[in-house]
Each structure stands twice: as structure tokens, then as C-alpha cells.
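Listed in TrEMBL:
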- B:140-424: domain 'NADH:quinone oxidoreductase/Mrp antiporter transmembrane' (DOMAIN)
- B:6-28: transmembrane segment (TRANSMEM)
- B:35-57: transmembrane segment (TRANSMEM)
- B:87-110: transmembrane segment (TRANSMEM)
- B:122-139: transmembrane segment (TRANSMEM)
- B:145-168: transmembrane segment (TRANSMEM)
- B:175-200: transmembrane segment (TRANSMEM)
- B:220-244: transmembrane segment (TRANSMEM)
- B:265-282: transmembrane segment (TRANSMEM)
- B:288-306: transmembrane segment (TRANSMEM)
- B:349-368: transmembrane segment (TRANSMEM)
- B:380-401: transmembrane segment (TRANSMEM)
- B:465-484: transmembrane segment (TRANSMEM)
Amino acid sequence: MIDAFMTVAYLMVIGVTIGAVAALLQKDLLRAAYISGAESIALAFLFHALLAPDLGLTQAIVGTVLMPGIIILAILKTRRHEESD
Amino acid sequence: MNETITNLWSIPLLIVIPILTAIVVNLLYNRGRAIRAVSIASAAVLLVISLVSPYGFQWFTGQPGVTYDGTYTFNANVFSWKLSLEYYYGPLQQIMISVMSFLLLFVVAISTKSLKKNFGPYIALMFLTYLSAAAIMMVNDFYHLWIAVEIGSLLVAGLVAASGGGAAQKAALKYTFFSALSGSGLAIALALILGITGYANITDAINSVRINDLSGMYNVLYVSFAFLMLSWIYAGGLAPIHPLKSDVYRSAYPHATVMLQTQSKLTLVAIGLVLLRMFGTLPFAREAMLSISILTMVIGIVMALIQTDFRWILAYLIVSHSGLVTVGISLGTFRGIVGGLFQAVNDVIYMSLLLVCCEMVLYFGRGTSIKFSGGLAKRAPLLTVFVILGTLAASGVPPFNGFQSELILIQAALEQGLPEVAAVILMVSVSTFIALFRAIYSIFLRPGDELQQGSERFKLPGTTLMFLVALVAITLVLGIYPQLALNFLTESALKVVFVPWVP
Amino acid sequence: MIELTLQTLSFLAAALLVIIGMAGMLYLDNLIKKLIAFTLLSDGVNLALVSLGYVQGGIVPILEPGASLSDFPNEAALIFGPGIVLTNIVIGVSTTAILAALIVILYKRYGTLKASKVLKGEHE
């Protein structure tokens, strides 16, 4: 028996993995930071599905706002695109 | 041994005072004298507290223990599940934290004098480093051990980066990247231990491992042992990670390195004892620890011998002497543990002596490179005397303290039927002398060519002179009356060997 | 044949995240990329710890009014993993902040984000 909630959970498992790879393959660092934030949303949902809703809330705030925020600040202070060579 | 049955007053103070000082010092922007007064007063208070405090427990959750029938007990001798965050202040903690407070007092006094810019955050990092080492030393709980180790490694990075210079910031960046790796490992180890035993308190975890049947779960125990040992290696700068740690030691200001090396020695002792208490009965556990220690000693001393800079030599010697501390602990016998702990105390003291001398060489405007310097002995004869005394102490020459602990370590190794280990220890102490004397000869004793123009003598600053005299006095006293320190250490070593579940 | 439950799948995802993060930290040349890889690594560790406590068909470990006390220990998810994860998230944020600050300082000094250029030259 797989209900809708669980289906979404399985999708999120795949989404987390794909998001991780996609974030690291970007040449544009700003986009990489956004994608890692999106991956964190999937992770937050997965925490919820794994019976830890409090962690889901924390991860949703920290992983999508705070962590990418710090990284974006660092990017704004340095440079946006990865140097070729 | 009738422990106090109420919460101890001194443990919260030892945790809270450094935090408060760090906050206050951070807020005092650009007011050097106020920062100096506050930090010296706070360090002195910490020293007094650590010296006069009685021994006992502090239960931060309020209840000391739960017996089998579900009632609370306040008696430390009755068997009970502790279930709580527990801090213990015993003789071992007393000597280690007192020595560290003493060093902190003088380090703060020296650094507030010598730094010219706004140094509030720097002093705050110093106090927080003290806090993390004190917490690691006192805590009897895996969870807070993990947090203290994490805080400690972040603070090391901060303190090194604050010491300025591109090399220091690079070292800090590399160190923080690896702290991220080993911190995750420590979290997994903690989760596995919690999963197997059900308790985060170390006493409870050991009891649970001994009472319950764990057959079939030994591989999980080994995995958690491996991750804990990774963090031990990382926090103490043992063999495979020694380049990072020696980078850290050498690129910080030497007076900051005094605190850094003290923190890492205390961490080595504390985590090493936890490893021994929790996993000492596992097959191959002590052998793994012993081989890491021997590797550290050998690599550290070889690297120290090939360096051409006094700071690099000191950095690698600190790494190599960390191996001396851990070799005693990982032998696991009573004499070995006493030797390891005593070596930690001695090491912290004589390395501080050498580091402060190194700081003075830099302060006099001299490079620390072996190739391009010389002739300092004529202009700073007193400093030369101190650095030679430090060298003798570090290489284990009889009237100084290094001799006593290395003697105990060699005896312990021979007792265990490991003459090879004894030979390695001897080799380390001889090579220490060679490495240091090479640097001292070329910096101090060799007639310098371009240095002859100035002939006035360099004058040691008053605080530094006091610090150096005090350190030499301690090395001599501990060398002649080792019993003064050993009295503090024997009880802890006995507990680790015979009743490992007692903190 | 291992049944592909949510727990095994999320363990798999956690292992992949840890491997991707570690490989990224070791092999990518850009410092910011290394930082992002570190956040992925810590996410992977968190996911592994949370999945340790999952109970198939269980409930959230909060005792609601009216719930039966006898079933609760069997049904509720284990809380030791989540207890650690909460701290690990906070530690991850502080480590990220320190790393970002160091990267910005080093960029101002060397004018590049390439790890192979910034971190070389150990003995000067």
C-alpha cells in the first residue's frame, strides 16, 4: 500500500540525490547555491516523512534560508562564476 | 572515596566565567586597558577556582541517578543509572585545568601587552578555547563531548585565522574543512553508541555494554570506535593528520600556540581515556591506538629534524610529543596511563617555555629561520639561558620534568614486553635534543655576520620574564619532586584501569 | 533481496549524499563548491541519523492526549537520532559561516577561488 504521501516521499529521495549532483555540476555558483537550497526543501520533507517533523521545520528554515544565504553572501563578496582553468 | 553528594559549585563557574569574559571583552571595542584588566582578572579568578575547588560531580539536569527500583539516589557509591549530563571534577581535572589556567593568565597578560590593534575578539577566542578544553576534560557524556570537540576545533580555526597572515588563514581553512569531516564522523559514532547502549552518559554506556549481551553487534562497536578514534586523531593532531595540525601550530602567534597545544593535549588525554574506558576491552582496540601513537612519534620527530625554521621545528615537536602522551595512554596499564598523563602535564609546560622563547626571538625583530640568523646570544644572554633550559627539559635530561615522565613511560613499555616502544621513546627524546639544539645553535650561539652593528642588549619585557621564570621553576620542581604531580594522577589512572565506569 | 522501504531508500540517499559531498570536497577545485559540498555532506549525515530512528508504520514520538500508553513505545519513532541532528544542523551552520568568512578573506588576499592556487605553498 503506497499512498500519496509516501509517493511524494519516494520522489523526494530521488530529488535529494539529483539536487546534490546538480548543485555541484553548475558553473554558475549562485545557481548552485539556489539548487542546494532546493535540495534542502526536499530533505525537509523527507525528515517529515521519516517521523521527525520538528527537524523538518528546522531544516526548512536553516537549509533553505540560512545556509544558502551565507553562501550567497560569500559569492557576492567574491565572484559569481567559476574560473575556467 | 566518599564523593560529595551535592552539586559542586565550581564546575558551572569554570564554564560560565570564560563565556562571560568572552562576551564582555568582545564588547569593549578599542579599549585596550579595560580589556587587559578584565581578562587578567578573569583568568586569575579561574586559576583560583581551579586550585581551591573540592572534588565532586555536577548534574546539570538536577537528578544524580536512578536506581533499579526507580528512586533517585544522591550517593555516588550506590549503583544507579545516571541518565543525565554529568560533569566530574577530580584530581586529574584539577591539575590539568590549573595548569591551563596558569598558562591562560600569562598568555593573556603577554598578548594584551604585545598586540597593538583592537584585540577584544582575539582574547575572547582565547577564553573560549580554554572553555572548550576544560569542558572536554570534565564532561562524562558523549553528547557534550562531541559538542565540546566541535566547538574546540572551530575555535582553533578562529584563533589561527585571527593571528593574521595568509599562511595562517590557509591553515585555518584546511583545518576547518577537515573538522567538518571528523565532526560528522563523531556524530555518527555518537548515534551508534546511543543505538547500541541506549545511553549518552559514558558511565551508563560502559555499564550497559558490560551488562547486556552484545554478541552480533561488535562490528557496530568497532565502527563507532573507529569514528571516535578519527576525532581523537583529528583533535589531537596525531599521525595521518599531522600536516594540518603542525601548520596550525606554526602559523599562529607563538603565545596563541601555547593555548592551542594545551587544548590539544587536554583533548588527547580526555578522549584517550574515554576510548580506553569504553573500548579498552575490545580486541585490537589498544593495538590500533598504540600503532597510531608510534607512527605519530616517528613521523613527528623525522619531520622536526628536517625543518629549517624554529617555528616549524617546534610545531613538529609538539606533534611528536603528543605521540608520547598517547603512547602511555594506549599501553593501558596503570604505569603507562600515569606516565602518559604526567607527560601531558610536563609537555604543556616545557613546550610553553620554548614557544615563549620563540615569541621573544620574533619580538626582537629576528627571523626564526635557521639559515639567516645568528648571534642572538650576545645580545640576549638571559633568553639564551631560558631556551637552553627548555631544550634540556624537552629532551628529558635528569633534573628537569621531562626526564621523570619519559622514565615512567619507558618502564611501562618494558613492563608490557614492548622494548621496541621503549626504544622509540628514547629515540624521540634524543632526536628532540638534536632538532632543538640545531636551531638554537644557529639562532643564538653561531656568530652572526650582519648582526654586529647593534651592540645594545635586548631587554626581556617584565611579564614575559616572570612567565619564563615561573615555567622554569615548575619544570625544576616537577623534575625533582615528581610526586607533587603524580599524587594527582594516580587515582585517575587506578580508576581507568580497575573501575572504568567511574569518571 | 532487500525490500525497498522508505528507510532503506533514505539510507541509500544518505550514503549517496555523503559520497557526493566527500568527493566534492576532495576533488572540486572551487572553494565555494567545496563549501556547498560540505553542506551536502552534513545533510547526508543528518539524513542517515534521522532514518536510523524511523519505524515502519510508526507515529511521531509525541504523546498526544488520549493515546494509549502501552502501544507508544512500540509505535513511536526513536528519538536519539533526531536529538543529535538538531545540534548537527546548528554546528553545520556555524562551520559554514566560518568557512565562508575564511574564503572571503582568502579571496581578498589572493584574488582567486581556485583551491589549487589558494592552498598551495605550505612552506612558503
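Just so you know, the numbers here start at 1 and follow the chain as drawn.
The backbone N, Cα and C atoms fix where each Cβ goes, and this holds for glycine too.
When Cβ-Cβ distances under 8 Å to the transmembrane segment (B:35-57) are tallied for each of B:6-28, B:145-168, B:175-200, B:265-282, B:349-368, the top count falls to B:6-28.
A Cβ distance under 8 Å defines the sequence-distant neighbours of the transmembrane segment (B:145-168), meaning residues of its chain 6+ beyond its ends; these are 121-122, 125-126, 128-129, 131-133, 135-136, 139, 175-176, 179, 182-183, 186-187, 190, 202, 231, 234-235, 247-248, 251-253, 256, 259-260, 263-264, 267, 270-271, 274.
Long-range contacts of the transmembrane segment (B:349-368) within the same chain: residues 99, 103, 110, 114, 253-255, 257-258, 261-262, 309-311, 314, 317-318, 321, 376, 379-380, 383, 386-387, 389-391, 393-394, 400-402, 436, 439, 443, 458, 460-461, 464, 467-468, 471-472, 474-475, 478, each at least 6 residues beyond the stretch ends and with a Cβ under 8 Å from a Cβ of the stretch. Same-chain neighbours of the transmembrane segment (B:175-200): 81-83, 141-143, 146, 149-150, 153-154, 156-157, 160, 208-209, 212, 214, 217, 220-221, 223-228, 230-231, 233-235, 241, 244-245, 247-248, 278, counting only residues six or more beyond its ends whose CB sits under 8 Å from a CB of the stretch.
Between the transmembrane segment (B:122-139) and the transmembrane segment (B:465-484), fewer than three CB pairs separated by 6 or more residues in sequence fall under 8 Å, so the two stretches do not touch.
Sequence-remote contacts of a segment are chain residues at least 6 beyond its ends whose Cβ falls under 8 Å from one of its Cβ atoms, and for the transmembrane segment (B:6-28) they are 34-35, 38-39, 42, 45-46, 49-50, 52-59, 74, 87, 89, 97, 120-121, 123-125, 127-128, 130-131, 134-135, 138.
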